[in-house]
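Taken straight from TrEMBL:
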{"type": "BINDING", "residues": "D40, H149, T151", "note": "Mg(2+) binding site"}
{"type": "BINDING", "residues": "D40", "note": "Zn(2+) binding site"}
{"type": "ACT_SITE", "residues": "S91", "note": "active site, phosphoserine intermediate"}
Amino acid sequence: AEFWHKVGLTQLEKTIKQAQRVKDISYQKKARNIIVFIGDGMGISTISAGRIYKGQYLKHGHGEEETLVFDDFPNTGMAKTYNVDKQVPDSAGTATAIFSGSKTHYGAIGLDATRSKKDAQQGQVQSVMEWAQKEGKRTGIVTTTRITHATPSATYAHIYDRDWECDTEVPSESVGIHVDIARQLVENAPGNSVQ
């Protein structure tokens, strides 16, 4: 019990110091930058499995007591993840919610729940990348997946279906209405304005 009390006390002291530091500077300085890290598909159970793996296989301990690098970040957050039409979401809808603040349909990117297959403009929502660029801020995307994949493309694209990554994927009835994700990145802001 003493071990866990010590661990808890250490964490509590760290949290109190961080809260005091934030209180001391919160009225003095504004944030200059924002960096969003997304571990796609990284729910609580996956994070727990990562801690256990690190502790057992890399450090030969029990695992549950292990911490990951981001466990020590001063600020972290959690989000309720669901789509307007599904309880178990996909990364298109969740990334749209994270970057725009608007929940959407399973598979939709950069569109709200009013999306239309017949009107590419209907339901478009602005992302934090668009907001930042309008304020003259520099923006960028770093990804370990395709740049046209659902999660990174939610920063710049507006499309009915996440699978329409290139022109050959857009169904014939939607050609001329919807512009594929890759083309939006290259030809449209905010995608073509990242630095």
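Backbone N, Cα and C atoms are what each Cβ position is placed from, and that goes for glycine too.
All protein chains shown were included, and the count of other CB atoms within 10 Å of the CB of the residue listed as 'active site, phosphoserine intermediate' stands at 22. DSSP assigns D40 (Mg(2+) binding site) to coil, not to a helix or a strand.
Fewest Cβ neighbours within 10 Å among the binding-site residues D40, H149: that distinction goes to D40. On its own chain, T151 (Mg(2+) binding site) has I38, D40, S91, A92, A95, T143, T145 as residues at least 6 apart in sequence with a Cβ closer than 8 Å to its own Cβ.
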